[in-house]
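Listed in TrEMBL for this protein:
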TRANSMEM  A:12-34  transmembrane segment
TRANSMEM  A:40-58  transmembrane segment
TRANSMEM  A:65-85  transmembrane segment
TRANSMEM  A:91-111  transmembrane segment
TRANSMEM  A:120-139  transmembrane segment
TRANSMEM  A:159-177  transmembrane segment
TRANSMEM  A:205-227  transmembrane segment
TRANSMEM  A:242-267  transmembrane segment
TRANSMEM  A:279-296  transmembrane segment
Amino acid sequence: MLMFKRNLGKQIVIFMALLAIWGSVYLLIQTGIINPFYELNLILIGINIILAVSLNLINGFNGQFSIGHAGFMAIGAYGAAIITIKAGLPFPVALLFGAVVAGIFGILVGLPTLRLRGDYLAIATLGFGEIIRGVIVNIDYIGGAYGLSGIPKMANWTWVFWLTVLTVVIITNFINSTHGRATVSIRENEIAAEAMGINTTKYKVMAFTIGSFFAGLAGGLHAHYFYTIQPGTFNFLKSFDILVMVVLGGQGSITGSIIAAIGLTILSASLQSLVSLRLVIYALLLIIIMIFRPQGLMGTKEFSLSVFGEKSKDKGEKQHGTSIGQ
Amino acid sequence: MEVFFQQLINGISLGSIYALIALGYTMVYGIVQLINFAHGDIYMVGAYLGFFATAILGWSFIPALLLAMIVCAILGVVIEKLAYKPLRNSPRIAALITAIGVSLFLEYGMMLLVKPDVRTFPQVLSEVQYKLFGNLVITNRQIIILVITVVLMLLLQYIVHKTRMGKAMRAVSYDKQAAQLMGINVNNTISFTFAIGSSLAAAAGVLVGIYYNAINPLMGIMPGLKAFVAAVLGGIGIIPGAMAGGFLLGIVEAMVSGYGKSLYRDPAAFIILIIILIVLPAGLFGKNVREKV
């Protein structure tokens, strides 16, 4: 609370800026200046930011390498779609339901697998992503391999924008909380964290569950923007797309994830007609980043408002905060 | 009972393909502790080389197999030198991400090169069916796959246990630094391991082309992942474990398909993986090693 009051001025400025972005884009969409293609990409940017930031919580901040994020997105998408199609309940309820179910699966998957480390965890999460997809393909009630269509189009710019903001705010606040610090300490050195009395299992599962919850939210938005969902949409490649955003932006940097999500969504939109070329570029990007800048564009630094001339409390922070990809 | 034995035959031939790929995974993991995600795609490249040699150059089966094995061995070494070697001292996650990158590069690079269409493999070996007891059927292709797999495995066992290079491989996988101090050229040994693993994967690719007659640029993803499951099942880093794991996984998969649940074939493999990782993380043949602080 103290933090909140101290930064109140700054937060009002941020809120006004967000309101201005939302409002101006909203007007441009209403007046037709932003055509449906650009609108679609704005929506995709929002969804991708939610996905990248939530995966960054697991991979970047908690240091647990997960590559099955699309599986949780699938659960959220199907969960939310079932609520609006089959039960006819309102959209916010559907979104919440999808996210909660994804979160519950996060706990179920996290509890056993988070005992594994490094590459074993990676392969187990990949396996879970594939199992989820494999099970969805086999359930006729939700369309099986053909997918589920006729989902009402309820997600729009307003929903996506504010839910993206909400996700970023919640995850940022989580990281800066006591729980979040404990989560980050596990990334730095799991054995040391445990020796300091941190319940590593609890915090790993917590980070994994929050990450899955927001992946589910992104899935629900995706389903209600594109009318139709197919199990194939949420395959390993989708998980990989999200992973590239996290790695490119910097594992452990929220602003890095946001910048990478925006940049890569625009890149992939401009290469839409050349899917193979897009993925070759992604793959090379990933290899080159790993060899020359394994910490990503931002490393674990955050881009802060101090660039706008505001005096930063921490000198060091200012120094780092002002330089992207130095 | 008949279904059981028929699926056992099918499972063994499918399993031998997994086993060949799993050997490469397990050797590379044993020596550099890296899950080489690109390994499944080397298998795909091998299948395309086999296709190129038989369909376009008109070669027969054995020369095509050798060509694929040699070219993929070189490819494996090049990948190791360019992508993995610069990361040898980085965190393992960096190498893992790079491996995913290399995998996608091979898949979609190949797609740009040969178009995404499914190619039909030429009928190098016309199919002959042999009747065993009652209605059990075994084809000549299944026999050839099994024979070639067994020959390659014996050859591998010979290389690993009887040659100087094999001795070096075992030494490096045991302790890289100590091996270096004993005068072993670690870089060459690692390259050699990649070469052998990749050539085995290429052989598996050509055999699959012969068996299923169809190849495509994304064919390596699923068998690659499953071969990794097989390697984990047997205890990663252990060569006989990879063979056993491969055969076991092939048999399980054939059984799941044979009893009418073919759509559950892929999830079944991953469910086995998760169970193994949780219950027996060192695999069937492995010893549990405690992490050093």
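Using the three backbone atoms N, Cα and C, a Cβ is placed for every residue, glycine included.
The stretch in A:40-58, A:65-85, A:91-111, A:205-227, A:279-296 that contributes the largest number of Cβ pairs under 8 Å to the transmembrane segment (A:120-139) is A:65-85. Residues 68, 72-73, 75-81, 83-84, 125, 128, 132, 152, 154-155, 159, 163, 201, 204-205, 208-217, 219-221, 223-224 of the same chain sit 6 or more residues outside the transmembrane segment (A:91-111) yet have a Cβ under 8 Å from a Cβ within it. Stretch with the largest number of CB pairs closer than 8 A to the transmembrane segment (A:65-85), among A:12-34, A:40-58, A:205-227, A:242-267: A:205-227.
Sequence-distant neighbours of the transmembrane segment (A:205-227) (same chain, 6+ residues past either end, Cβ-Cβ under 8 Å): 43, 46-48, 50-51, 53-55, 57-58, 61-62, 64, 66, 69-70, 72-81, 84, 91, 94-95, 98-103, 105-107, 109-111, 114, 148-156, 159-160, 163, 167, 170-171, 174, 179, 183, 234. For the transmembrane segment (A:40-58), same-chain residues at least 6 beyond its ends with a Cβ under 8 Å from one of its own Cβ atoms are 25, 34, 64, 66, 69, 73, 155-157, 160-161, 163-164, 167-168, 171, 174-175, 183, 207-208, 210-215, 217-218, 221-222, 225, 241-243, 245-246, 249, 251-254, 256-258, 260-262, 264-266, 269.
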